[in-house]
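Undergrad: From Swiss-Prot, here are the annotated features:
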| type | residues | note |
| --- | --- | --- |
| ACT_SITE | Ser25 | active site, schiff-base intermediate with substrate |
| MOD_RES | Ser25 | pyruvic acid (Ser) |
| BINDING | Thr57, Gly71, Ala72, Ala73 | substrate binding site |
| ACT_SITE | Tyr58 | active site, proton donor |
Amino acid sequence: MKRHILRAKIHRATVTGANLNYEGSISIDERLLEAGKFVVFEKVDIYNVNNGNRFSTYVIPGKPGEISLNGAAARLCMPGDIIIIASYAEVEEEELHHFRPYLVYVDDKNNILEVKRDMEHVFTF
C-alpha cells in the first residue's frame with residue numbers, strides 16, 4: 001500500500017510578491033528549490049500562516065529571495081505573509097522506515113537557515 005507522505009517543505013517563507021496577471025504558479029528562489037529538491041512544475045500545497053488559506057499550485061524558478069504568488073493564487077497571499085510550501089510523495093509502506101523529507105528553514109528574507117532530513121520521527125507499525 002502506498003501512503004502520501006511529506007516529501008519536502010519550505011517552512012515560514014515570506015511572500016515577496018503577488019502578480020495577479022501572471023499565468024499561475026509560485027515563483028521560488030532557485031536556492032530554496034535546490035535545497036528541498038523541488039522540480040519545475042511540481043505540484044505544491046501552500047499554507048498561509050497569516051490568514052489560514054490553503055491551496056495548491058505549481059513551482060517555477062524565481063530570483064534570489066523571491067517567493068511570489070502568481071495568477072489566481074495572488075488573491076490568497078499578500079506580500080509580507082508567512083507561508084509554508086509543501087510537496088508530498090507516494091511512498092510504499094515498506095519504504096517508510098528509510099524515507100526522510102527535506103525540511104528547509106528560512107529567515108524573514110528567505111535565506112536558508114537550515115536544511116534538515118527529519119530523523120526525529122520514525123514510522124512504526
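Just so you know, glycine gets a Cβ as well, placed from its N, Cα and C.
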Undergrad: Within the chain of Thr57 (substrate binding site), which residues six or more apart in sequence place their C-beta under 8 angstroms from its C-beta?
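TA: Non-local contacts for Thr57 (substrate binding site): Gly24, Ser25, Ile26, Lys43, Val44, Ile46, Leu69, Asn70, Gly71, Ala73.
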Undergrad: Just the number: how many Å between the Cα atoms of Ala72 (substrate binding site) and Tyr58 (active site, proton donor)?
TA: 12
Undergrad: Within 10 Å of each Cβ, count the other Cβ atoms and name the one among the binding-site residues Ala72, Ala73 with the highest count.
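TA: Most Cβ neighbours within 10 Å: Ala73.
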Undergrad: With every protein chain in view, how many other Cβ atoms are within 10 Å of the Cβ of Ser25 (active site, schiff-base intermediate with substrate)?
TA: 20
Undergrad: Where does Ala72 (substrate binding site) sit in the DSSP three-state scheme?
TA: helix
Undergrad: Does DSSP give Ser25 (active site, schiff-base intermediate with substrate) helix, strand or coil?
TA: coil
Undergrad: Starting from the Cβ centroid of Thr57, Gly71, Ala72, Ala73, the recorded substrate site, name every other residue in that chain with its Cβ within 8 Å, sequence order please.
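TA: Everything else in range on the chain: Gly24, Ser25, Ile26, Phe55, Leu69, Asn70, Ala74, Arg75, Leu76.
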